[in-house]
Amino acid sequence: MASKGAGMSFSRKSYRLTSDAEKSRVTGIVQEKLLNDYLNRIFSSSEHAPPAATSRKPLNFQNLPEHLDQLLQVDNEEEESQGQVEGRLGPSTVVLDHTGGFEGLLLVDDDLLGVIGHSNFGTIRSTTCVYKGKWLYEVLISSQGLMQIGWCTISCRFNQEEGVGDTHNSYAYDGNRVRKWNVTTTNYGKAWAAGDIVSCLIDLDDGTLSFCLNGVSLGTAFENLSRGLGMAYFPAISLSFKESVAFNFGSRPLRYPVAGYRPLQDPPSADLVRAQRLLGCFRAVLSVELDPVEGRLLDKESSKWRLRGQPTVLLTLAHIFHHFAPLLRKVYLVEAVLMSFLLGIVEKGTPTQAQSVVHQVLDLLWLFMEDYEVQDCLKQLMMSLLRLYRFSPIVPDLGLQIHYLRLTIAILRHEKSRKFLLSNVLFDVLRSVVFFYIKSPLRVEEAGLQELIPTTWWPHCSSREGKESTEMKEETAEERLRRRAYERGCQRLRKRIEVVEELQVQILKLLLDNKDDNGGEASRYIFLTKFRKFLQENASGRGNMPMLCPPEYMVCFLHRLISALRYYWDEYKASNPHASFSEEAYIPPQVFYNGKVDYFDLQRLGGLLSHLRKTLKDDLASKANIVIDPLELQSTAMDDLDEDEEPAPAMAQRPMQALAVGGPLPLPRPGWLSSPTLGRANRFLSTAAVSLMTPRRPLSTSEKVKVRTLSVEQRTREDIEGSHWNEGLLLGRPPEEPEQPLTENSLLEVLDGAVMMYNLSVHQQLGKMVGVSDDVNEYAMALRDTEDKLRRCPKRRKDILAELTKSQKVFSEKLDHLSRRLAWVHATVYSQEKMLDIYWLLRVCLRTIEHGDRTGSLFAFMPEFYLSVAINSYSALKNYFGPVHSMEELPGYEETLTRLAAILAKHFADARIVGTDIRDSLMQALASYVCYPHSLRAVERIPEEQRIAMVRNLLAPYEQRPWAQTNWILVRLWRGCGFGYRYTRLPHLLKTKLEDANLPSLQKPCPSTLLQQHMADLLQQGPDVAPSFLNSVLNQLNWAFSEFIGMIQEIQQAAERLERNFVDSRQLKVCATCFDLSVSLLRVLEMTITLVPEIFLDWTRPTSEMLLRRLAQLLNQVLNRVTAERNLFDRVVTLRLPGLESVDHYPILVAVTGILVQLLVRGPASEREQATSVLLADPCFQLRSICYLLGQPEPPAPGTALPAPDRKRFSLQSYADYISADELAQVEQMLAHLTSASAQAAAASLPTSEEDLCPICYAHPISAVFQPCGHKSCKACINQHLMNNKDCFFCKTTIVSVEDWEKGANTSTTSSAA
């Protein structure tokens, strides 16, 4: 390799140290005196001076090897220190005992130092024990869950319920529950968090045991340990499922050494001394320059030193690295020597100087070391660097994290090192995503947030309560000063975090560089391959938790990736005017169907990819010019058929036998919950003779298109970016897409991966972090209540005052802590910049969906997650970022709302989308969308034809699809217009706890008259739209209310039993749901009757009379069940069972009343008479049910007792805040009208013989005869029956026609055809 900046090329491959034949020639490189001075300057030390005999001779390259050997000679005591040590038993290399020292199911890393719990409570110990002296080891906490860390003896027996600390001779510290364990448990120590380091110390001279957390002693935990014959203590840990740690017994330098205690594994003292001496020589080379002309040595700063190809310098370095290279392959020496040297460079110099020196050092490593040596060295270096970054404590200026990131950047700026690390280390061996994570401090005191944010503040009225909260008070001057001081502290914190984030973005910019292709493939294309495999692990391994990257890492990685991506996108636009800005980014639709990007086994909108290829192959050929090979289709189909029948390969079956006897099982490294530096292979330890692992079937093979397609690993730059004859990723451009590319194709694939990342776990984590804000609100309410009680408490009650004062202090301290932690969360997760990232991702998805929709049937190839991300990212902006930052200030906010509304309105019933889950998500998103005024207005702004199409889909018959959400949408469009339907919370429910005012169900009514008008117009169009829709609504109402009555009968029977009994909470929930469905269906009927009354009252329509009779029948059934005093419904409501809070008289009775008022009061006189006659003709009609609405008592039946005079009666007049005076007057008018009409009907009615009654309903006289079978019934019954079934009700003969029938008439007249 030619060193950059060198004056000549020097290949170390052909270099060998001087031989005897060459000695004379070599010594003539420079003057003998100058060479002697130079070598003495490099290889001499006041501490390790050479012997006198050697010092009298001039130092040259002939005697330099002898001189170096003497320099590196180590005392015999240090050499022998690696042997057996008194007080310790076992191998000198200490690891976890994977052969027999464990219990339960565990995943152990390849280095046998990291472990992941894979069962309820697994335990494992080390291979080495101690019986005398003072010892310690460190545990790196990767997850903060339930774990017990400490010591045990070999006689301890554990199981999956009892672990370390649960037996007599085992001792443990549990930072999750902040306790210590030795059979019994007591409080001890502090809570730990992911990223902490626990030091476990044992003093067997004094018989004590203690722990440290991040180097701070937690005090003595146990005393009087059992010692003596047979008592030796092993490091041990018990951990629950998914929890993970990594041990350091001394194989690496201890992060927090303790004076007087030694690690279980001795450090390589002799090699450490040699490495430090060689490093001193190396540093001397970098600080000295030869001037052969003047014959003198010049001191020079390391940052200005350059390798200029001078033979003297090259030979000197060759001698150094001849001894140094083998040492730099050892983990301990890399971290203790090389890492310290490089960090010193970064800490002392400017970033530019540091990068220059590190670049020179890496050049020399690649030049003078064999490839395998420098690769091992770089691997260990990055592992140590990542470990240091992840497990460093948070300090106020984040200085430690900044230094580690600056060193990482300096290393990655070296092109050859960067490509090696990308290809082999960053994604394969260690978790490079950790570099982009900023951990949240659990203990704000240790993170220095008290100094950074000295003044705390929290809102006195929760922003989650909504802007209309009646408790909002005007801010006082003192509160204003506190808030401003708090905001200044938050701003200081944000600026410091932004420094770290900018360094993390620089790392990704280096990994996304595509101009460094001089020595092979550019970094960006290596990154793309590794990034896609990373996504595959997290998308395909959801059932295996250890395979998943923690979501908190994903959130940070996504934001840094978006920043780097947009930087390169806009940079490309600057040099290519025809490209687009990142603000206009989207994924072209051909990416989804041309097979160039692997989407693993992720679901497409139209179903399975193999199915889409078969059914849409003609469309692919005609629209995209892509031909699918029929043989490949056939083989893919056969693979799908045989998938469940394929036996496991032999090589996958053999490890299962080892597993059954508790042996190690190599696995593809999950490692996401364990040490950040694990090898790719793990060992699966199990004490049970069962297998929990099944071999995964290889992912689908690459599909043949018009040009060749390759697997992710085989792709080249040309396959991605394309060439003059190949469009690369954009193969198969549909005619709707522009010819000019948006940007570089590789950036499109990165963007696609970013969208997938959000769907995998980022959205879930964003919702989880809101919990800190909720905690602040709850404690603020508790503090406010306590202060109110203090003001009201009498001064003579000093005991109560003391308790309240104590509570006030506890709440204030907790709020101080939480407000500082909330500032950290807002700065790292919910900042304005992060909000803009999520908003940009939302707009990318919207444009992608819009462009995909234009391709017609090919839209089915789009992965489902694009629609999911569009829905979820909007939800995150509104619910998670909204309380902190205003959405209205986002650029193009109104336009984005409208575009999202158009997508939801069009695709919630799109036949191209077949997945049940995504269809439900679209329906729920639309239902939520119409609950909020600003988003409902956006729905009203979409083009008229789209609005009409949406309403038409909402009015489709309910039997053909899931209908509950559809009905909910229609109800929301009506809420605020119905009778007594202006409430947000039901009148009988009190606001007893803090609730999220952003919930859709708690929004104030915001009806849409525009969409109501579309509904009215559609119901009047065509003879079948209204009857089919209303028939389905009436059917579902009949079902829902019948189910509700049946369930409350069971609940009532259970409540009346004398023995103790419990009602299943799920049954109560289903019962309440059926009640809510009944109410919402009644409201839809009320809306329909109000908007289009002629559907029921214009009897020139063939179905109007039938629909009106069915409606009257159902209304009477509901009234009779609900209004009967001391009846079933009344008794269940009185019980006030938890889960049935929504079940009450008011919501269902006002819905029924609204329908009756519309039929009997508001319409024309002729229509009112028709409705009245039908209602009174129904045999279930009872006037007392109407009287009940206004609280008028029911006259007692003969033989029954009079009702209690003090019994509280239901009356609509009691709800003056919810029902207007005009509405009450209409109810009174309706009651008067029905009282008069029922009296007249009773006087005019004639007795009817039983033979003349309809044999179906026994309520109306026979008026129709069926042809050809001749059976008879009333018209209402047969018309209702024919709406759903064309067979005779009695004999199942197909009905051809229905004819009018009158008793005594000789002929019948055909009234309607079946």
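For all residues, glycine too, the Cβ spot is worked out from N, Cα and C.
The annotation Zn(2+) 2 binding site is assigned in Swiss-Prot to Cys1269, His1271, Cys1288, Cys1291 on the grounds of experimental evidence. Same-chain residues at least 6 positions away in sequence with a Cβ under 8 Å from that of His1271 (Zn(2+) 2 binding site) are, in sequence order, Val1265, Cys1288, Phe1289, Phe1290, Cys1291. Under the DSSP three-state reduction, His1271 (Zn(2+) 2 binding site) is assigned to coil, being neither helix nor strand.
Per Swiss-Prot, the feature domain 'B30.2/SPRY' maps to 74-254.
The N-acetylalanine annotation in Swiss-Prot covers Ala2, and the record cites a large-scale study or a structure entry as its basis.
For Ser675, the entry in Swiss-Prot reads phosphoserine.
Taken from Swiss-Prot, the feature asymmetric dimethylarginine covers Arg683.
Note on the region 'Interaction with NFKB1' (968-974): its mean pLDDT in the predicted model is 92. Swiss-Prot lists 968-974 with the feature region 'Interaction with NFKB1'.
Residues annotated as zinc finger in Swiss-Prot: 1254-1292.
Excluding Cys1269, His1271, Cys1288, Cys1291 themselves, the residues of that chain whose CB lies within 8 A of the CB mean position for the Zn(2+) 2 site are, in sequence, Phe1266, Gly1270, Phe1289, Phe1290, Lys1292, Thr1293, Ile1295.
If you count neighbouring Cβ atoms within 10 Å for each of the binding-site residues Cys1269, Cys1288, Cys1291, the highest count belongs to Cys1288. Long-range contacts of the region 'Interaction with NFKB1' (968-974) within the same chain, counting only residues at least 6 positions beyond its ends with a Cβ under 8 Å from a Cβ of the stretch, are 923, 926-927, 930-931, 954, 981, 1007-1008, 1011-1012, 1015, 1080, 1083-1084, 1086-1087.
The secondary structure of Cys1291 (Zn(2+) 2 binding site), as reduced to three states from DSSP, is coil rather than helix or strand. The region 'Interaction with NFKB1' (968-974): residue composition by secondary structure is 7 helix, 0 strand, 0 coil, according to DSSP.
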